[in-house]
Amino acid sequence: MKFALLRLHLTVFLWGFTGVLGRLINLNEGLLVWWRLAITVVSLWVLFAATGKVRKIALRDFIKIASIGTLLSLHWLCFYGSIKYSNVSIALTCLATSGLFSALMEPLFFRKRINLLELVLGMFALAGIAIIYFSNLVFSAGIYIGLLASLLTVLVSVLNKKIVDGYEPQSITLYQLTGGFIGLSLLMPLYNHLFPAPSLMPQHWDWLWLVILSWACTILTFILYISTLKKLSAFTMNLTLTLEPVYGIILAFVVYQENKSLSPNFYIGFALILVAVALQMFRLMGLGKKLKQRVVVSRQ
């Protein structure tokens with residue numbers, strides 16, 4: 001169990017590292033996500049074909065899964081866009097507000113009553129974002145884009161819950177990322193027209209960072225995450241996943257010294273968000289609810 005917990009923390013650490021790599025890569029957010037998906041999808045098809053894990057699915061099912069994959073690619077695009085327009089710390093903090101959107105969206109999709117306590121905790125997170133926003137107006141565009149990324153990741157997670165019982169996690173991951181790549185490829189001509197980039201190709205060290213982003217932070221994390229599902233409780237896993245922005249922000253402070261560009265109120269706002277997330281986790285533990293596992297591809 002200790003080794004499973006270590007694997008989970010390594011997974012969360014690598015997810016937090018995606019933001020650092022996103023700032024390091026000299027591509028705009030659209031091209032960055034496109035190349036990440038291209039490398040990941042090709043690698044996954046080779047890996048799954050070599051190990052005999054490719055499972056055929058009906059075209060109708062593929063379209064359903066691929067549509068969620070396209071939303072996932074848009075989530076990644078907004079996440080890295082938030083980094084480009086602000087910084088890693090702001091983007092990860094915005095992503096931590098997903099609890100508010102989840103409290104509002106899950107009742108709509110699953111036809112259940114809105115939990116008032118979840119809504120109150122979500123408002124704590126919203127208050128944290130408001131403090132950060134008004135104290136860091138120079139990053140306002142990045143905050144808006146980051147909140148959109150948070151909304152999209154909740155939407156992906158909610159939609160995945162509707163299909164997760166019908167397919168193996170490997171199949172969902174393979175076809176969802178493939179669908180995301182196809183969907184984003186169709187959107188890229190328009191995106192490049194609206195947001196032209198100096199170069200469509202990665203330059204020099206960008207190739208290495210993209211390979212690390214695709215292999216270590218996407219494929220390896222998927223393998224590690226799946227290996228822990230049967231070893232750890234749902235509560236332990238979900239509580240550990242809340243450390244992703246913490247790991248990512250610490251890395252951003254060390255690598256980019258982002259702490260020097262953030263106001264003191266940033267820490268107050270971020271603390272409010274973390275408190276809301278932690279209280280939600282402990283509330284679920286107290287009620288003894290069984291949490292459904294998130295599909296790995298709904299992460300960074």
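Just so you know, glycine gets a Cβ as well, placed from its N, Cα and C.
Copied over from TrEMBL, here are the features:
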type	residues	note
DOMAIN	6-133	domain 'EamA'
DOMAIN	141-279	domain 'EamA'
TRANSMEM	32-50	transmembrane segment
TRANSMEM	62-83	transmembrane segment
TRANSMEM	89-109	transmembrane segment
TRANSMEM	116-135	transmembrane segment
TRANSMEM	141-160	transmembrane segment
TRANSMEM	172-195	transmembrane segment
TRANSMEM	207-227	transmembrane segment
TRANSMEM	234-254	transmembrane segment
TRANSMEM	266-284	transmembrane segment
Maximum Cβ pairs under 8 Å to the transmembrane segment (172-195) - stretch from the list 32-50, 89-109, 116-135, 207-227, 266-284: 32-50
Same-chain residue ranges lying at least 6 outside the transmembrane segment (266-284) that approach it to Cβ under 8 Å: 89, 93, 96-97, 99, 117-118, 121-122, 124-125, 127-132, 135-136, 235, 238-239, 242, 245-246, 249, 291
Tally of residues which DSSP labels helix, strand or coil - the domain 'EamA' (6-133): 107 helix, 0 strand, 21 coil
Leading contact stretch, 32-50, 89-109, 116-135 vs the transmembrane segment (141-160) - CB distance under 8 Å: 89-109
Rounded mean pLDDT for the residues that make up the domain 'EamA' (6-133): 90
Intrachain neighbours beyond the transmembrane segment (89-109), with Cβ under 8 angstroms and 6 or more residues off its ends: 16, 19, 79-80, 82-83, 115, 118-119, 121-123, 125-126, 128-129, 132, 136, 139, 142-143, 146-147, 149-151, 153-155, 157-159, 162, 242, 244-245, 248-249, 252-253, 258-259, 262, 266, 269-270, 273-274, 276-277, 280, 300
